[in-house]
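Here's the structure we're looking at; comments come further down.
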Amino acid sequence: MGEITERHRGKILMLLSAFLTATGQLFWKWGLDQWVYLGVGFLCYGLGAILMIKAFALEKLSVAYPLMCASYIFALMYGYFLLGEVITLQKLAAVALLGIGVTLTSVDR
């Protein structure tokens with residue numbers, strides 16, 4: 001199990017970066033009305049950037065960078081669950097295609 005984690009550390013960090021980036025942007029949206037959310041958003045976004053840099057140090061760029069597309073998935077979920085946005089079939093199809101593309105490009109044997 002430790003070998004798998006070590007082997008995929010860069011990918012895991014990039015996925016965490018995508019999560020924090022999307023979370024930061026959500027807080028920025030909320031921060032339009034409440035300034036404290038802007039600060040939280042910058043903190044999340046900054047931590048995401050630090051994790052991204054570390055991921056680039058551990059993984060090939062062509063493998064790590066496409067994983068940032070996971071932020072679209074997080075944003076879609078935030079929009080639906082926290083902002084009351086509608087998820088259309090077109091949006092679901094787009095996210096599914098992104099997910100397939102990310103999976104195919106991040107597999108490195």
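Just so you know, glycine gets a Cβ as well, placed from its N, Cα and C.
Pulled from TrEMBL, these are the features on record:
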- 14-106: domain 'EamA' (DOMAIN)
- 12-28: transmembrane segment (TRANSMEM)
- 34-56: transmembrane segment (TRANSMEM)
- 63-83: transmembrane segment (TRANSMEM)
- 89-107: transmembrane segment (TRANSMEM)
Can you tell me which parts of the same chain pack against the transmembrane segment (63-83), counting only residues 6+ beyond its ends and a CB-CB cutoff under 8 A? 10-11, 14-15, 17-19, 21-23, 25-26, 29, 52, 55-56, 91, 94-95, 98-99, 101-102, 105-106, 108
Within the domain 'EamA' (14-106), count helix residues (DSSP H, G, I), strand residues (E, B) and coil residues, in that order. 82 helix, 0 strand, 11 coil
